[in-house]
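What follows is a set of notes on a single structure, which appears directly below.
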Amino acid sequence: MSRETPSGDADPMIKFIAVHKFFGALAALTDVNAEVKKGEVVVVCGPSGSGKSTLIRTVNRLEEIQSGSVLFEGKDVHAKLRGSALNHLRSRIGFVFQSFNLFPHLSALDNVMLSPMKVNGVKRSDARETALRLLDRVGLSAKAQNYPAQLSGGQQQRVAIARALAMEPPAMLFDEPTSALDPEMVGEVLSVMRRLARDGMTMMCVTHEMNFARDVADRVWFMDAGRVLETGAPGDFFRSPQHPRAQRFLSDLHTR
Amino acid sequence: MSLLPSMIDIVRDNWLLLLVGQYPNGPLGGIAATLILSVLGIALAFPLSVAMALASLSPWRALRWPVMAMVYITRGVPLLLIILWVYFVLPLLIGHSVPAFATMLVTLVGYEAAFLSEIVRAGILALPQGQMDAARALGHSHLGAMRYVILPQALFNMIPSILSQFVSTIKETTLGYIINVPELTFAAGQINNRLLTKPFEVYFILAISYFIVCWSLTQAINMIERRIAARRTASVAAESAMPATAASASGA
Amino acid sequence: MKGFDLMAVLLNPEFSRMLVHGVKMTFIIFIGSWLLAMSLGMILLAVRMLPGRIASGFVAIYVSYHRNVPTLVQLMLWYFGISSLLPGSVQMWLGDHNGEAVFAVVALGLCQAAYFSEDQRSGLRAVPRGQWEAARALGHSYVGAMTYILLPQAVRNAMPALVNHTVSLFKNSSLAMAIGVAELTHAVKEVENQSFRPFETYLIATIVYLVCSLLLMWLGHYLEQRSRMAGAV
């Protein structure tokens, strides 16, 4: 599929520099150094407990770090920021949760409209227009007036993606977006994500969907025990992984 | 503040009155009467509440409606008014005058039974339908299933709620003051009428006394609740371990 | 015993005046203390969420006191006890301006505030943590997240308990008679003393209380239905 190649000379959009994180005495992230360039699609994979979700959550500071830095668009996310500065930073990072976390007291349309209006100060009519357009883009314009409890898991996740896109972020983070879905609904969410990637969105995805990684990713990061052990183009990674633990992870996947 | 020394004096001088009222020169009162009233009230209300709960779940309207009516009335009418009713009606029914303590006891039994019946009912409904199905499949009658299978479990699970209702009963005994029941609040009123110049100290002592009793009971209830929750998760773990042994026994 | 004659009580101008005044006072006490309790309950909840142990400790003690001390005793402590500590001029002013009703509203309001704040707190705790994370991830501030996402859900969660406690507050207004407020139960005793018709008088009061309680419960149920998140169980 044709896609704009990522601009390699611009500053990276997301950069991890010597990131360490502990949960008490447990080292969750150890010396992570990596970067995501503008327009790049990065898939982070690895066994459970490897720290993939923790890593992605440090980007918008849903998790704190003990040392190192995480830069987004050149700004240090974990610096001593004023509340409003952190809020502004977060509004520029789209985040899609494993458990969707749609707001149950609002319709799908209101879910998508709320944050542009209240955080970015967008006019109601403009927010509504954008929201309808985005719901159409994820294939759910017919469900605009429905409430989350009336939607299937796949539909809820697609609304969640639209909600994040409504803030017009330069980058989107996906934390295991399909892990909580029944198998037959995984495809509809992945196709939305594929289209986003094709349109040039900078994406960082934690996922177990290896076909998605093979087709769409520009780079694959393999993590285990809090470290990024190997990075590479998907073709190289899946054909001949270098690190022994990566080799074991892929062979475990194939024997399922 | 000179309040604290005067409060200590009041307690030192009147502790017997606060504890047991004017006994033996009068009816039993004070904290003793409060606690006896509460314990008797809940103890007598309990069997009544179980019967009411069973009636409310029965398929016969003749049983359900009176219970539902009684529950609605106790939930909608202030306890004070109910006390006035009983105070007026009871002597008519019995034929001669009734001491205030007995009036209060009768009122509390009926009032608490209505609230307890809702608790018991909730406890029964919270059990999975499978329990009743299994009991009936084994041949138990409806009441037999209730007696041997449903109620033991429901009541055990509801112990914290029942004890909370007991704490509420202790607080409700104070309303006996209106009809001169000799309990703790009445005793405090007597002390205040005698001293006249230290109302704050007297009523503060009264408040603290109730606080100590109710708070300690609430702490005990929380501990019991934790023990019950631990028991429940342990029994679930035991249940899930069973099939393995049964399978191995049948296979051996 | 005289024959049952409801009209002897209802049509008597003196008795009906006393009963109507009683109903009015009951509602004044109820609405006054409800407003106080609701607003104070929300303030208590906000204070509880402040950082530091002093704030949450204070609220915990406040709630514990008001839940473990009987309401009647709280009323008496305010009316007999605290009033005696007030400066003389305030006591005189209160004496001239319906002091008993003021103390009743204050005592009942402060007591129910404890229950309301606990209900609201449970309602807030029932909102899943993911909602908070999603709100923050979208860039909402603490206040914004609370206003648009968390509190609306918390209030809906808390509604059944809030309605129950509102009905309790309505019934507790009858306790004010113990400190001399001329609300309905007090009026009933007065009318009964003068008319020698306890059955009829009590019946009228019972019907009034029952109808009002049922109306309150029905109103609460209606509000719950209206605010229910569509499709939710």
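Counting begins at 1 with the first residue displayed.
Every residue, even glycine, has its Cβ placed from backbone N, Cα and C.
Lifted from TrEMBL, the feature list:
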- C:23-220: domain 'ABC transmembrane type-1' (DOMAIN)
- C:25-47: transmembrane segment (TRANSMEM)
- C:59-81: transmembrane segment (TRANSMEM)
- C:101-117: transmembrane segment (TRANSMEM)
- C:137-155: transmembrane segment (TRANSMEM)
- C:201-219: transmembrane segment (TRANSMEM)
With a Cβ cut-off under 8 Å, give me the same-chain residues at least six positions beyond the ends of the transmembrane segment (C:137-155) that come close to it.
120, 123-124, 126-127, 131, 227, 229
State the residues, same chain only, that lie 6 or more residues beyond the ends of the transmembrane segment (C:59-81) and have a CB under 8 A from a CB inside it; answer 'none' if no residue qualifies.
44, 47-48, 99-100, 103-104, 106-108, 110-111, 113-115, 117-118, 172, 175-176, 178-179
For the transmembrane segment (C:201-219), find every same-chain residue at least 6 residues outside the stretch whose CB is under 8 Å from a CB in it, and list them.
6, 9-10, 15, 19, 23, 163, 166-167, 170-171, 174, 184-185, 187-188, 191-192, 195
Is the transmembrane segment (C:101-117) packed against any residues at least 6 beyond its ends, judged by a Cβ distance under 8 Å, and which are they?
25, 28-29, 32-38, 40-42, 44-45, 48, 59, 62-63, 65-67, 71, 74-75, 77-79, 82-83, 94, 162, 165, 168-169, 172-173, 175-176, 179, 181
